[in-house]
Every structure is written in C-alpha cells, then in structure tokens.
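What follows is a short report on a single structure.
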Amino acid sequence: MSGDLWERCLPSLQSEFPAQQYNTWIRPLSADESQDSVVVLLAPNRFVRDWVNDKFLSRIRQVVSDVSGDISIDVRVDIAAISAGASQGRRMPPRPRPTSPPPVSAYVEPAQTEYEQAPPIPRKEVSTHSAPVAVIPAPQLELDVGVSEPGRTIDVNVEGGLRHQSNLNRAFTFESFVQGKSNQLALAAAQQVADNPGGAYNPLFIYGGVGLGKTHLMHAVGMEMLRQNPNAHIVYLHSERFVADMVKALQLNAINDFKRYYRSVDALLIDDIQFFAGKERSQEEFFHTFNALLEGGQQMILTSDRYPKEINGVEERLKSRFGWGLTVAVEPPELETRAAIVMKKAAEAKIVLPDDAAFFLAQKIRSNVRELEGALKRVIANAHFTGNAITTPFIKESLKDLLALQDKQVSIDNIQRVVAEYYKIKISDLLSKRRSRSVARPRQVAMSISKELTNHSLPEIGNAFGGRDHTTVLHACRKIKELRESEPDIREDYQNLLRHLTA
Ligand SMILES: Nc1ncnc2c1ncn2[C@@H]1O[C@H](COP(=O)(O)OP(=O)(O)OP(=O)(O)O)[C@@H](O)[C@H]1O
C-alpha cells in the first residue's frame, strides 16, 4: 500500500462530517497501513474506538473503498496510548508536598466561559485502578465544600505552612450546569473524569467559543473530585497565571520550587491554554509539568478557544500531547438550552421568571451564555430597584438599548434579503418549495451563510426557510462548502455576500 491512503481519505471525511464530530472522532485516529489490504485505524482509547466502530465505520469504509478499492478497515486501540493510560492510572506512592511555600501565589480569581447524540459515556468504565485522588498527605479543607456559596472560591490549607489555593468556584458544579445537545459530550466526558481522575481521559481538553461553559465544566470536575475526596489537591488557574508565576520564579531563582509546587497536585486545571502562544519558556516548563503529571497519574484538564492543533504559536509536541486523552467541544447552545439556562440562573437567584420571559431572553441573546447571564442580571437588578415583576414587556423595556444593538447585527431576515437581491430572485422564492437550480442554489447559500453568521441552530434556520428540516440545512451547508472548493463562481458569490453582510 502507498502508506498515505488514510491521509487521502481525510479531506472527504472532513467535508462530510460537522467539525465537532470530525475533530472529536476522526481526527484523533492514526493509520497503520503496513499490512496489505487492511488499514488499521488506531484510536487513542476504547471510548473513541467504540464510538467510531458504532457510528462512523460504514461511512469510513465507503470513503476508503472509493479512494482505493477493496480494502478492509479495522479500528483498534492504540497500544501505546493504552500503556500511557495505564501508567496514568497507576497512582504513584505518596509524594512529599513542597515544604516551603511556592515562590509566588497561585491565586487567581476564576474566570467569570450536529445533531448526533453524544455517546453515553459509561461511568466508571475505565476504572481498572481503584485508588481515588488522594495520594499526598492530606491537606485540610478550610471551607465546607458541601455548602454552595456562589462566587466563593475554595481555599485549601496544606500542612507545613504552605497555603494552597485551589481557586475552585463553588457555583460552578455539575448540578448548576444545564445539559443540552451543544455540551452533552463535554459534560459526559467531564463527569467521567470526575469519577475516574487520572484515567484514560488524561488530559481532558475542552474547546469552544467564548462564554460557553468551558470554565464552568472544568470547575465542576474539580468540585466533584473534592466532593468525592475532600483531601484532593486540586489547582485551577488561568494559563496567564502559570506564565506569571513562572516568570516570577525565574526572577527569584526559585524555579525548582515552582516545579515541585505544580507537580505536587492531584489535578491541574488550566484555562485558556491558547495564551501560551508565543511564550516559549512557559511552554517548555509546561511541557515538563505535563509529562510529570501524566506519568504520575495526576489529572489535567485544559481549555482553549480552539482545537489543539489549531492553536498557533504553540509547539507541536505540546499540541500533540493535548490530544492524548480526550478532546471535546462545547458548541453554542440552541434555543431550548439557552432558555433552560436562563431559568436555572433565575431559580438560583430565587427570582420568579415566567417561561415566556425566559424564552424571550433566550431568543434575543444568542451570542453566548455569559452575555445571556449578564442580560438576566441587568433585568433582575432593574426589577429589584423598581419593584416590578419580571415579564416579557419589562425585559423589553429594561434591555431596550441592548436589544436594539442585537437587531442591528446580522439576522436571518437580513441574510435572506441580501441573498435574494444578489441573485435577483424574490425572498418568497427562498422560502418556497421550488427546487429549480436558480432558486435552490441561492437558498442553500443563504442557509449556509445563516449558519456561519448567526447563532441560530440548524432547526431554527430550517424553520426560517419555510419550515424545512434541520437535515436540509445541514445538507445545504455541506454542499456549499464542497462547491466553494470546486466552483470558483460559488466561492466568489459567497465571499461577496459575506463581505456585504459583515461590512
Ligand atoms: N450549560 C450551562 N449551564 C449553566 N451555566 C452555564 C452553561 N454554560 C455556560 N454557563 C455560564 O456562563 C458563564 C460563562 O461560562 P464560562 O466562564 O464557563 O465560559 P468559557 O467557555 O470558559 O468562556 P471563556 O472562553 O471566555 O473563558 C458562567 O457563568 C457559566 O456558569
């Protein structure tokens, strides 16, 4: 075999599956093409293998046979990854805590961030090693982790006078996290890690856009680990804090203390890892910390605003390590999830919020959950000052300026108008059942742009185009992506329209 068959199949698979699915399931596979007439696809763990076998194998077979005739496909777990997993799972004998305080404070305020069903992650599936987190002389919890006090962080006192701060935010728990299709897989993976830290999903890499719950999930794992084992030594920090601590340690000639400190944790949670970009010395230090923690069976959870391989300015060896465990995406939540989040946040604030008011807010604020939460807080504050009940008209009045701004942003209506004008057809044609090429193609373009420029979900877009099914929208997006690569005219039309709509 030529040895690059799998490489040649990847572009088709990439264009076929939504990015989240491709990145989570297909991209981590590597191929062993050393045998004749069989390609062995190596999955980083059993979880990925089983899911690929179940959901993607038949399509992969088709694509491979289109490219290279009759070749059989076998999906196996990468043995190297398994042994890494086994060594990760093997708890190390108790390691001494650093006896002197770390050179600098590790304190940081916590950051206030397709329609395939996510796989049911069997809880405890990989618990071949039973020891939980505590391997280090027990630190004492200063605060009772069982009591939820939103906004409060949890401090941990370690013996020997070392004050260690986990910085976990009590408000960010699994209970307060609302599950939806957009975060189902990430949530399931996080729960699995919390139940089985240092297991096969190490590191857990969570990526996705701003304000979508990555930090919340990360803290929820830490909180759950602490609930299961109050002696666990868990550190959450933003990557910029890691960099700042390292710089200070270098200045104070205390890099060994820094190393010992970060390597003595049971779980290290680092947020927004993309901030390591361009910081070579920090990357070098983190690389060694990463290896030490992985070898010691200590759990790492990392978040980023993009898929590991797409983080520019970060060394390849680090990027490839980020993908050794499990990489999961959080997507913008669909309308129902946004409404459920608003309801949950209102209930947490002990506010009565009628369903229609929650849906109104969720419909209007689509950009991300943080903004949604911010809008709700404004409404609550307003209601508090004026003594009014929160109703849809009250929300409209309270958020007048914000909603006016939202309306200026690109809407599906606007996209339909601009696309219809561009192709010299009527808006009603875009919404009609007509299938002639002169109407169907602009309709597909408009759907694809709606997916790209708005936060609407596929069903919402389908609905706005004459009540079509979400699979029609999905098909349109894939078709247009394909045509933009193969047909210069479509590429140019698409670019012109994007430019016009975002000017
Ligand atoms: N599914 C959810 N359920 C409940 N709250 C959520 C959910 N998703 C996000 N939030 C809330 O939205 C806010 C922003 O979330 P978070 O800080 O975790 O986002 P993030 O993805 O880490 O963003 P960034 O990339 O900017 O750091 C938090 O208050 C969080 O509690």
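Glycine too: its Cβ is placed from the backbone N, Cα and C atoms.
For 1-118, the entry in TrEMBL reads region 'Domain I, interacts with DnaA modulators'.
Marked as region 'Domain III, AAA+ region' by TrEMBL: 167-383. Here the region 'Domain III, AAA+ region' (167-383) returns a mean pLDDT of 92 for the predicted model.
Annotation comment: TrEMBL describes 200-405 as domain 'AAA+ ATPase'.
Marked as ATP binding site by TrEMBL: Gly211, Gly213, Lys214, Thr215. In the three-state DSSP reading, Lys214 (ATP binding site) counts as helix.
According to DSSP, the region 'Domain IV, binds dsDNA' (384-503) comprises 92 helix, 0 strand, 28 coil. The region 'Domain IV, binds dsDNA' annotation in TrEMBL covers 384-503.
The domain 'Chromosomal replication initiator DnaA C-terminal' annotation in TrEMBL covers 411-480.
Fewest Cβ neighbours within 10 Å among the binding-site residues Gly211, Gly213: that distinction goes to Gly211.
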